[in-house]
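Peer 1: Taken from Swiss-Prot, the feature motif ''HIGH' region' covers 40-51. Marked as motif ''KMSKS' region' by Swiss-Prot: 692-696. Here Swiss-Prot flags Lys695 as ATP binding site, drawing on sequence analysis.
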Amino acid sequence: MKYDFDAIEKKWQKYWKENRTYQVNIDRNKPKYYVLDMFPYPSGVGLHVGHPLGYIASDIYARYKRLKGFNVLHPMGYDAYGLPAEQYAIQTGQHPSITTKENINRYRKQLDKIGFCFDWDREIRTCDPKYYQWTQWVFIQMFNSYYCKEAQRARPITELVKILENQGTGGLHLACTKEIHLTANEWQMKDEKSKQAILMNYRIAYLSDIVVNWCPALGTVLANDEISGGISIRGGYTVEQRKMRQWCLRISAYAKRLLEGLDKIEWTDSLKKMQRNWIGRSEGVELRFKIKDENIEFMIFTTRPETIFGVTFIVIAPESEWLTQTIISKKKDSVDSYLNLVKRRTERERISNRKVTGVFTGSYAVHPISGETIPIWISDYILADYGTGAVMAVPAHDSRDYAFAKHFDLPIIPLIEDIDISKESFDIKEGIMTNSDFLNGLSVKQAIQKVKEYIKDENLGKIKVNYRLRDAIFSRQRYWGEPFPIYYKNGIPYAVDEEDLPIKLPEIDKFLPAETGKPPLGRAKNWTYKGYPLELTTMPGFAGSSAYYLRYEDPHNSECLVSSEANEYWQNVDLYIGGIEHATGHLIYSRFWNKFLFDLGIVAKEEPFKKLINQGMIQGRSNFVYRIKNTNTFVSYGLKHQYDVTPIHVDINLVFDDVLNIESFRDWNSEYKNAEFILENGKYVCGWAIEKMSKSMFNTVSPDNIVNRFGADAFRLYEMFLGPLEQSKPWDTKGIDGIARFLKRLWNLFFENDVLKVSNSLPLDKELKSIHKLIKKVSWDIENFSFNTSVAAFMICINELTLLKCSKHSILSDLVIVLAPFAPHIAEELWHLLGNEATIFDSQFPKCNEEYLKEENVKYTVSFNGKARFILNFPKKISEENVKDTVLKCESSKKWLKNKIPKKIIIIPNKIVNIVFD
């Protein structure tokens, strides 16, 4: 019987669907295991062969866990809101609701063809009102909560109102936008608008006027992780800094817990390091400075308090709240000019850029200890929302301050004895202090402790732990996103009633963003709630993905996000697979949301993802043509060095073995219709490179074509065979032929002359050894995510069983079960051909019997007077007398004995023979 992968795969995909093979429910008789993939953006071009890599790995693991007796939750859905979906709709001139639905249908067909064990009854789409009702609900909870630093948890805002009524802000230790000092009487005297403004200072979801990354072309605010090199990752548009009123989430309140939680989860060290750096904990001192001749004080945070006597200037951020109070009139024009320059640079550019820029405000600060005057400058290397937005510059001991001082010819005072700062600053925290008043002669470590005590005793500031992590900007001036459940009454924002959720995204004709920043929802008719205007911005792309893993646990519950029964059973995700590029975006936002919901008692576990695997990238092999500059002439690869050329990506489908199909190339792009070509040996040879697989590089390979040609099982096995899961590796379609041949050999093992040949005879020792060697290897590989070596092990086992002409039912049954997680279709078919009626995934993964793996021969090290000389192989069951006799008769022994008679022969069974002689 011929192996017809197409018929087999369609047959079993239909069977699994009709029999709901992968539908899962709470079963308290089984241990649970929750496997999750980062759900995809349903883009217009569909999946390429790089996308399913992580999905296949998680599918193998989920199937394996099911075969090991676990009740496995393995769902899938679509991250359908946000920029990717909206930009595709704009490019195609269609409404995003239409394109998103079409794209989801395309993805579903592609995923189904690969044969995943997803429980599609639990599918979610972030653009579905039944889903985003709960995104809106979580936002309302954040709006109605504040964060108590003493309790280290979120509390209801109504509780804070009662505290303010009874005691004001005295003695409170709360996460806030800025410190407010208020008595109970002062609170009681406030009107409603003032009270709401004060509460906004503490809400976890709050409104604030902040500097944002504004992209005019996209018409929206972008997060830092959505920008690279000053341009938007999506579309490649220019980004600038702009102050806007935005909704924010107070993730900074959770910085300490986010940092501590990293020690409790199984994530890679590299990913944990990325999050630790992003959170950025630092210990230091917050010092109080005064502006000369003004009754104005401001605080500066420093991690180097011992350098206080080396401060020669102060630098404040261009967005600093103290900016207007420090600029003197004659400096206003130069400051304004500088601010216009800075706004075109993103935050990351400002941090990474080494070019020194700045402007003097004309004002001076007073040194808190010496009383000396210190000039106040503005520079874009200072960020407004890190620390206090101002630094005390100590150029002798900080490289950026040093560069600034050198550029503007400002004083540099060394504070460590016997150092050379003629060319660079001395940043090392060691040495003996000098030029430091009462700190002179102390070591740096001693000086730090002494100056901290002095600052505390003299009330010059306070000891403080600071975090780099900043609050998440949550507003987007776009259409395709979750509407905020917020309305405005007399200009004051209020949450809508929970029973009125969801607030559905309205249908509007013109959804394109405006460069002015006016949101598209401003065009919606009757966009009101009980007669009051609703919020016009929408939530960002990460809103729908921040708690989606919880909704999978209880997707049809109309009463709550997730029931306590469902969450207590499924708890958090046991295995999460996705890209490391989400380290400081989705992965940190999800941890924050989960901790907030944990505070509310909604979830049982504080961390959302126990174990996280970051799959590597499947790279594409790109091809290039070379156009001679300022012409429409293309020169072949081997001749390009003779000309001044520009390399241009070309669609790999127009190239075969790096030779360009010229006529197809002309038809591909009208610009090249009349192009001329300089050939080598009558051919146009293209260049090539291994790069990220991307439609912009025309190097994508569709999994549909591979599955149609070789089958889903071959595709799944080949993706795993390419290399270790966590490493990047290039795609090469030619390599899949070997996998296809392997599956045919597997199939032929079950047949002889097209007739099923299966015997119930007892298996041979060699057959048992081969299959149990495979069971042991594959079990270890799956548990350790080493799927590529499993594929090699399958090939070895099939070759061994083929040589043995194995047809034993017990051996073949174990073989197909072990193979089933990797190649489920052929395994299911062979399983039923072996006489089984239920799905193979209701069987049990076989256990390795180590007895079958014991070697038939053992190696003895032969020693003379304790010195090892050579090794001999013996049958495992040989007697000690036979070992002794064989060793003494061996020619090598005669060489070392030299006709001497052994005094003693010591034998350690299966290991050593030691011959003792004089």
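Just so it is clear, glycine is given a Cβ too, placed from its N, Cα and C backbone atoms.
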Peer 1: May I ask for the residues of the chain that lie six or more residues beyond the motif ''HIGH' region' (40-51) and have a Cβ under 8 Å from a Cβ within it?
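Peer 2: Non-local partners: 78-80, 82, 84-85, 88, 91-92, 99-100, 103-104, 106-107, 110-111, 617-620, 693, 695, 700-704, 706, 715, 719, 731.
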Peer 1: Along the motif ''HIGH' region' (40-51), what average pLDDT does this model show?
Peer 2: 90
Peer 1: Once the chains shown are all counted, how many other Cβ atoms turn up within 10 Å of the Cβ of the residue listed as 'ATP binding site'?
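Peer 2: Here the count is 14.
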Peer 1: According to DSSP, does the residue listed as 'ATP binding site' sit in a helix, a strand, or coil?
Peer 2: helix
